[in-house]
Amino acid sequence: MDSSNYFHDCKTMLSEHNESIESSNNDINGKQKEHIKKGNSENQDVDPDTNPDAVPDDDDDDDDNSNDESEYESSQMDSEKNKGSIKNSKNVVIYADGVYDMLHLGHMKQLEQAKKLFENTTLIVGVTSDNETKLFKGQVVQTLEERTETLKHIRWVDEIISPCPWVVTPEFLEKYKIDYVAHDDIPYANNQKKKKKKKSKGKSFSFDEENEDIYAWLKRAGKFKATQRTEGVSTTDLIVRILKNYEDYIERSLQRGIHPNELNIGVTKAQSIKMKKNLIRWGEKVTDELTKVTLTDKPLGTDFDQGVENLQVKFKELFKIWKNASNKLITDFTRKLEATSYLTSIQNIIDYEIENDDYASSNFDDETSS
């Protein structure tokens, strides 16, 4: 057998072997033995008329070639379909900007919505600077670095621009190849008083920062995608919750050893808050005691008298606490002003004047009597 027939024979046997995978194990073993037999007879002459394992005729070879060509054409068609699907699922760049101070559930849901606007999305998140946020919106709790670092740990975020411009411009969209800007649909006005006009490649767009939405031009240009806000969840709401219990947080911080200066309050304010909270707690205890006395099922008598005595003890304890706190407050105040020596000198002068008045009065009485 020449080499060309041998390789063709091997190709045929491999094809038969692949087709026999779905058949029984006996057929597979038979094909393997046949492959080994033909491999050992490489240098022997093969009679196509007598040997059933001989090389197929030219007609069978043409059929195999036609099958190979049809399979190739089919794979080419599948490849073209895949290319078409890739084009249809083109990557879309979405941009979402904000302050993202004290990152909360509302922020995370907004970023998730932006990420899922399209099947294949790259989400770029812009974080506003500390200075512009204070100028246009108000004081922030976290610094730019803290807000940026927090966003890095959100799964929906692909890229971060920090700091980002307060107002999105056409140049900004072109620079970062942004397709759409995602934000809630509520008009977002800029707090500046004057009207600015920005130019872009011979064209201009303007917005009244006091009355008009800064995203208005994006909406008109079809570059805006609205996201839904999470009701009842915002940074402002969180701060309001804290302020409602401001004195509770102050007292707890003082109990943990934090100095009043670190809380931006004076010593006098700190003592006042402590006294107020103590009085509130005492009042709650008195109310509970009165409730227990008045709601008792027992007849008034010894138990009632005992309850009154308990109230008297509580009042005495309150007076003692109040007196000690007042003395401490006055002492701290006088020490703070360093007025103790001044008050002592005034007292000495008063005592001296009284002594002189007594001496003069006694002399006057002696003279009149004589």
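Placed from the backbone N, Cα and C atoms, the Cβ positions cover glycine too.
Sequence annotations record features per position, and here Swiss-Prot assigns CTP binding site to 99-107, LYS137, 183-184, TYR188, 229-233 based on similarity to another entry. Among the features that Swiss-Prot reports, substrate binding site is placed at LYS137, TRP166. Annotation comment: Swiss-Prot describes 30-40 as compositional bias 'Basic and acidic residues'. Taken from Swiss-Prot, the feature compositional bias 'Acidic residues' applies to 44-72. Per Swiss-Prot, region 'Disordered' is recorded for 17-85.
Shown are the binding-site residues VAL99, MET102, LEU105; the one with the most C-beta atoms within 10 angstroms of its own C-beta is VAL99. Secondary structure from DSSP puts LEU105 (CTP binding site) in a helix.
TRP166 (substrate binding site) and VAL99 (CTP binding site) have their C-alpha atoms 10 Å apart, to the nearest angstrom. Within the same chain, residues at least 6 positions away in sequence whose Cβ sits under 8 Å from that of TYR188 (CTP binding site) are ASP213, ILE214, TYR215. For the binding-site residues LYS137, TRP166, GLU231, the greatest number of Cβ atoms within 10 Å around a candidate Cβ is found at TRP166.
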